[in-house]
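Pulled from Swiss-Prot, these are the features on record:
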type	residues	note
BINDING	MET45, GLY200	substrate binding site
BINDING	LYS120, THR173	ATP binding site
Amino acid sequence: MKNELIKIKSILPLQKAPLVHCITNDITLETVANTILYLGGKPIMSSDTREFSSLFQSTDALLLNMGRLNESHEQSLSQASSLADMTKKPTVVDLVGYGITNERTKLGMAMARNHPTVIKGNTSEIRRFVGLPSLAKGIDGASSDQHDQALKDLILSLKQITTEYADTVFVATGKKDVIVQNDKHLILSNGVDELDKFVGTGDMVGAIITTLLAVGEDPWVASQFAISYLNVAAEKALSLTNGMENFRREVLNQIDLLGRNQQWATKIKYSNF
């Protein structure tokens, strides 16, 4: 843990500006792009399959986000996922809305089988992915899925599928955030309730992880960094603002500012049940 914290402190500033290919939903597209820019990366937001052959030769990592799914978006995600598997491109799959429709479930499972580096979602989405029940409606997580016993069940279920998803890092976000890889797990507990009140915070976590994968960071460390960085940024933003729109803007502002001082990482809260 101590060595990982030292590594997390040293990640920013990035030593190079990686090119990050994002196939994401158009609702949060600008937020995702700005998150990558503020970290020091360069986003390219392309879902046109005609460009993939060229882009896969020049980009450093790939973000696949299932939000606002339609037939064209599904085709882009599916093709990019297969290409990423063939080319061993570092990839984050964000299972937005997994399990709420057959289309999302089939697509999410297909992308998961293509050996992504990281699979993420909120606790309810990841519960459905491993076959556990969830009371969540739509793309928002259910509070009942975030109780201690529910998280214990989720961690156990994720560890049980590691033979099928060897080395893949699973990230489940919520009031407590869970990271699982093979037989190890971690629970983080920073953050504020206001993060659930504006669209795109989960997408931002995916963007941060992908940016760090693009500069060669270890996916386990990158996932810890991404969750903690956003949550600590939100804690700082809440202390400086009143009103949700001001809070939303300040979170993005803190994505830019927070990493200029390595001491932000001393605020990371590791948790048990």
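Backbone N, Cα and C atoms are what each Cβ position is placed from, and that goes for glycine too.
Sequence features annotated in Swiss-Prot and their locations in the structure.
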residue	record	DSSP class
MET45	substrate binding site	strand
LYS120	ATP binding site	strand
THR173	ATP binding site	strand
GLY200	substrate binding site	coil
So GLY200 (substrate binding site), by the Cβ count within 10 Å over all chains shown, scores 23
Rounded to an integer, what is the Cα-Cα distance in Å between MET45 (substrate binding site) and LYS120 (ATP binding site)?
-> 19
Can you tell which of MET45, LYS120, THR173 has the least company, meaning the fewest other C-beta atoms within 10 angstroms of its C-beta, among these binding-site residues?
-> MET45
Which whole-number value in Å describes the distance between the Cα atoms of THR173 (ATP binding site) and GLY200 (substrate binding site)?
-> 13
What is the separation, in Å, between the Cα atoms of LYS120 (ATP binding site) and GLY200 (substrate binding site)?
-> 14
